[in-house]
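**Student:** Summarising the annotation, TrEMBL assigns domain 'Major facilitator superfamily (MFS) profile' to 1-436. Annotated transmembrane segment per TrEMBL: 51-72, 81-98, 104-127, 139-157, 163-184, 246-268, 288-305, 312-333, 345-369, 381-404, 410-432, in sequence order.
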């Protein structure tokens, strides 16, 4: 066993509580909507338009939050960025628990955008720079798993607990998480980049459970990675080959993730369930989708470092293309007025296959690549740009779905998504480098076009 594995797993589980909080914030609105629509709502009865705005606010805030957390991570450190996620999460929970005002509720959900976007950015960035190469993908996927656990917990606990009790849990998790994170070391990559070599060595000794040889070897592998890109800005990121390639590949991965159809599938899940031969109520259907997502992400945890990143992307894109093409055909034929009674199993089957394939790879791999491809010294800049653009695309998708449905038909929504999944197959083949088992230093050198000697799997170069 490599040095520090148990300690790094413990570190990841601690940080994953922040990802859990992010997931609960993401799933908050689904179970809260019926409670807020009642006349005895804590803030008074909210209209459908109010709920729509409440859903959009965190995304609009998240666009700007991405740059803020990127700045904090680069200027003050990955650990400080994590702690800065906990603070607005706690304040948001307090507001949502005790407010009696609609305005305050919107403020609370706005702060929830910090948790949703910042929690994902900071947690993945921190774990990617503190764990061994051989288990980096697995441990980052645990963060994605916790996000999905958070969404499922929101659906289950939000339906069963009172409004105040559920929101109080949203306070307790980031409080515990922030306290535990205070005891973790800073990223050694960040420390080396800021010439804090002694601090970096102390961090590595903690991460390697006191193994001086392993810590020294790791430190030596990090040092040479400090290049002319060290103090890069957003406007300069395209000037350097390594950071430019990392940005393009990461950005395309996240764009294809957004356009893969996952948002449309979740948005129209109730309609698709009703179109199928199914006895599930909308609430049960939502929980089944969450369980499928959770199970597929768990599969990804065990496969991402053994099969690599690219095979999982192929699974997602091929499965997504085929399942959504079948769904498109069903919806188009139904729109033409044909009798589709004997094919009523297609919508729920297509939706289930799509969710399994999508979450087994595409739901996780893009954020993994975003935190593996850029050199650590430019990662906050690249991560900020990718997160902001992805958030803007999600906003555009959610606003355009009703327009496409009303003016053309629901089939076109999934036809477009199937097409993007088809393009994703070629993107994976021609553009995505395999990063499994490679050190961050080696990945950076390869993207800069440097010749790199091969090494044993999981080893340092």
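Going from the start of the chain as shown, residues are counted 1 onward.
Glycine is treated like the rest: Cβ placed from N, Cα and C.
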**Student:** Give the nonlocal contacts of the transmembrane segment (104-127) in its own chain as ranges (CB under 8 Å, at least six residues past its ends).
**Tutor:** 11-12, 15-16, 18-19, 21-22, 25-26, 28-29, 43, 53-54, 57-62, 65-66, 68-70, 73, 78-79, 81-82, 84-85, 88-89, 91-93, 95-96, 136, 139-140, 143, 147, 174, 187, 367-368, 370-371, 379-380, 383-384, 387, 391
**Student:** Where, among 163-184, 288-305, 345-369, 410-432, do we find the most CB pairs under 8 A to the transmembrane segment (139-157)?
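**Tutor:** Per the Cβ count, the answer is 288-305.
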**Student:** May I ask for the residues of the chain that lie six or more residues beyond the transmembrane segment (288-305) and have a Cβ under 8 Å from a Cβ within it?
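**Tutor:** Distal contacts: 134-138, 141-142, 144-145, 148-149, 151-152, 155, 266, 269, 280, 311-312, 351-352, 355-361, 363-365, 368, 436-437.
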**Student:** Using Cβ atoms and a strict cutoff of less than 8 Å, what residues sit near the transmembrane segment (246-268) while being 6 or more residues removed from its termini?
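**Tutor:** Sequence-remote neighbours of the transmembrane segment (246-268) are 237-238, 289, 316-317, 320, 324, 351, 354-355, 358, 362-363, 365-367, 369-370, 373-375, 378, 382, 385-386, 389-390, 393-394, 397-398, 401, 410, 413-414, 416-418, 420-421, 423-424, 427, 431-433, 447.
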**Student:** Please give the sequence-distant neighbours of the transmembrane segment (312-333): residues at least 6 beyond its ends with Cβ less than 8 Å from one of its Cβ atoms.
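**Tutor:** Cβ under 8 Å, 6 or more out: 256, 260-261, 272, 275, 300, 303-304, 340, 343, 346-347, 349-351, 353-354, 356-358, 360-365, 409-411, 414-415, 417-418, 421-422, 424-425, 428, 432.
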**Student:** Please indicate, using numbers and ranges, the residues of the same chain that are 6 or more beyond the transmembrane segment (410-432) and have a C-beta under 8 Å from a C-beta there.
**Tutor:** 248-249, 252-253, 256, 259-261, 264, 268, 271, 309-310, 313-314, 316-318, 320-321, 324-325, 327-329, 331-332, 335, 362, 369, 401, 404
**Student:** Restricting to the same chain and to residues at least six past its boundaries, which positions have a Cβ under 8 Å from a Cβ of the transmembrane segment (345-369)?
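**Tutor:** Distal contacts: 120, 124, 128, 137, 140-141, 144, 148, 249-250, 253-254, 256-257, 260-262, 265, 269, 272-273, 275-278, 289, 292-293, 295-297, 299-300, 303-304, 309, 311-320, 322-324, 326-327, 330-331, 424, 432, 435.
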